[in-house]
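S.K.: Pulled these features from TrEMBL for this protein:
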- 121-153: compositional bias 'Low complexity' (COMPBIAS)
- 22-120: domain 'Phytocyanin' (DOMAIN)
- 117-161: region 'Disordered' (REGION)
- 1-21: signal peptide (SIGNAL)
Amino acid sequence: MAVSAVATLLFLLVASPVAFAANHVVGGSGGWTQSGDYTTWAAAETFTVGDTLEFNYGGSHGVDVISKDDYDNCNTANAIESYSDGKTTIKLSKSGPMYFSCPTFGHCQSGMKLSVNVQDSSTPSTPSTPSTPSTTPSTPSTPSDSPATPNTPAKSTPTTPNGATGVFGSMNKFVIGVSVVLGALFVFMC
């Protein structure tokens with residue numbers, strides 16, 4: 001009995017990282033479409049090494065993994081990886097930023113692109129601290145020498161989730177992992 005309990009405990013400890021991985025359905029119930037707001041969707045998620053991104057889309061779409069420069073310029077001619085199977089699952093295997101786009105002409109330009117920042121699984125999320133107002137007066141800025149371009153759209157910067165999402169997401173994964181191990185131990189002890 002003790003040997004089987006130890007063997008089960010070792011199995012659960014080895015298998016427990018699988019319990020920590022999350023599957024993120026890109027765009028939620030709306031999926032990977034031209035009408036999605038992927039900047040807002042990604043801001044509400046915490047992406048960790050080992051998690052997966054699940055892209056669900058119709059036949060007129062696809063998923064390309066692209067570089068930051070190609071993401072910024074909506075260029076899919078140099079895709080690192082391309083998928084068109086209607087349901088693509090991509091494992092987040094390393095930390096850092098990752099960029100995705102639909103390769104169909106005009107779809108990236110209409111917003112069908114996604115940028116995620118993958119955190120190392122051993123790095124806990126920390127809540128952002130509010131900035132304190134400065135007590136020194138600011139100096140007025142001087143106008144730049146470059147002319148303004150009136151028809152240039154402003155670039156949006158993806159927002160990052162507040163620290164609470166990451167902390168509670170990590171805590172939830174920890175509680176699930178501990179519950180699995182303790183539940184198995186309880187079964188074998190009785």
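Placed from the backbone N, Cα and C atoms, the Cβ positions cover glycine too.
Caution: TrEMBL annotation is automatic and unverified by curators.
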S.K.: Write out how many residues of the domain 'Phytocyanin' (22-120) are helix, how many strand and how many coil, based on DSSP.
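M.R.: Its residues fall into 15 helix, 35 strand, 49 coil.
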S.K.: For the domain 'Phytocyanin' (22-120), what's the mean pLDDT in this predicted model?
M.R.: 96
